[in-house]
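Listed features, source Swiss-Prot:
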ACT_SITE  D88  active site, nucleophile
ACT_SITE  H416  active site
ACT_SITE  D467  active site
ACT_SITE  E476  active site
SIGNAL    1-19  signal peptide
Amino acid sequence: MALLRCLFLLAVLLPHRNAAVVAAASPHHGPAPHDYRDALTKSILFFEGQRSGKLPPSQRVSWRGDSGLSDGSSIKVDLVGGYYDAGDNMKFGFPLAFSMTMLAWSVVEFGGLMKGELQHARDAVRWGSDYLLKATAHPDTVYVQVGDANRDHACWERPEDMDTPRTVYKVDPSTPGTDVAAETAAALAAASLVFRKSDPAYASRLVARAKRVFEFADKHRGTYSTRLSPYVCPYYCSYSGYQDELLWGAAWLHRATKNPTYLSYIQMNGQVLGADEQDNTFGWDNKHAGARILIAKAFLVQKVAALHEYKGHADSFICSMVPGTPTDQTQYTRGGLLFKLSDSNMQYVTSSSFLLLTYAKYLAFSKTTVSCGGAAVTPARLRAIARQQVDYLLGSNPMGMSYMVGYGAKYPRRIHHRASSLPSVAAHPARIGCSQGFTALYSGVANPNVLVGAVVGGPNLQDQFPDQRSDHEHSEPATYINAPLVGALAYLAHSYGQL
């Protein structure tokens, strides 16, 4: 393992003329370490396994069936559709919206490289954005959760069988939820960019809704988990507050509309909303790092001089991940994996890799580098770091294990996922009751349904992965793990001539 760590450091510390060979914008020479195109295909396919609602004729994950067809009916609202966020049967609006923002961003930045996978990626975005339109159909209201998490987690059953309460929770002026509402606005705005050319009418509808939802989020301020704590915590509490989502939402609306109103909003409120906070963890809860990268693009690529300070804010985040520089603040395992938290760490690996590649794209366009404590860091070097992280995920690690289900010869077989771990309805038409399913949860048998493309939480700090279904911290997949990975894989597949 020490050797792997040394090789990792060597890869990211090479002079840029050597790093360019590893991760230049131009095509690579020599064999690719992995089949990135195959991984891309599978990373998008995963979303079909997470679908809730009436499945379309084009559904490729055939062992899944219709589910949640009465969602919202208890309050006479149509909330059918969307995605189950992870291995349960819940629709949590906060991580769902973030997943759609990141999946849309993957398409916006790298969709032009996806070729035959582009339509599948668009379909995945649309399945989510259609649901978010339903969740925001009523002014000054966002329906943010379907299902009682405590009751859902007391059962282990297929989504097609679920009989737990499908309680609906919302934010409105009396129960504000700025964080989840602003994230929903960001998702709608980002999705509008995906469909701007292929479906202009749909894109216009998305951006109009994004504007309305953001206005509501900004006007009625409050953290959604304050009032809804018994229902959304400890699952998806908003630990970082709502300031990051307001900045993030404004950034996406500025990018989607080019309306100077949002530019003014960012300029006037950026510091108050934490633009320069040194929080270097980017995920479903804290969006500061993503917002800094996104806003920096307006300066680097679109030459919006008023946002010049965001180049420095973005550089600060990027430099925190560059090993061997005075600004390095990121922990890596001995095998070379970026390690933030033990619970679902792979989400930070994929989101950070995406931001590294995206920022490298912006820097290359503007012919700029990053100064990390006086050390010049090139776009090629950022790409090298990102590629090493993706390679680790795909199997270049001490265990020789791919953490993407269905990719490679060795991958997790006992993932923490109800639908995957229980027989499909086709194989077992009889209902499997709430408590009956727990036999599968604690079984050592491989999941009968392979959830192709699912990326699990990943190994621990010692690069070890037990592959136990009951170990949700390491064995559970989630939409927000896959969403940014889609963009990273598209870039890598293209750079190696696989697309």
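Note that Cβ sites are derived from N, Cα and C of the backbone, with glycine treated the same way.
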Give me the Cα-Cα distance between E476 (active site) and the residue listed as 'active site, nucleophile', rounded to a whole Å.
9
Across all protein chains in the structure, which of the active-site residues D88, D467, E476 has the highest Cβ count within 10 Å?
D88
List the same-chain residues at least 6 positions away in sequence whose Cβ sits under 8 Å from the Cβ of H416 (active site), in sequence order, or say none.
A86, G87, V456, R469, S470, D471, H472, S475, E476, P477
Rounded to a whole number, how many Å is the Cα of the residue listed as 'active site, nucleophile' away from the Cα of D467 (active site)?
18
Where H416 (active site) sits in the secondary structure, as DSSP reduces it to three classes
coil
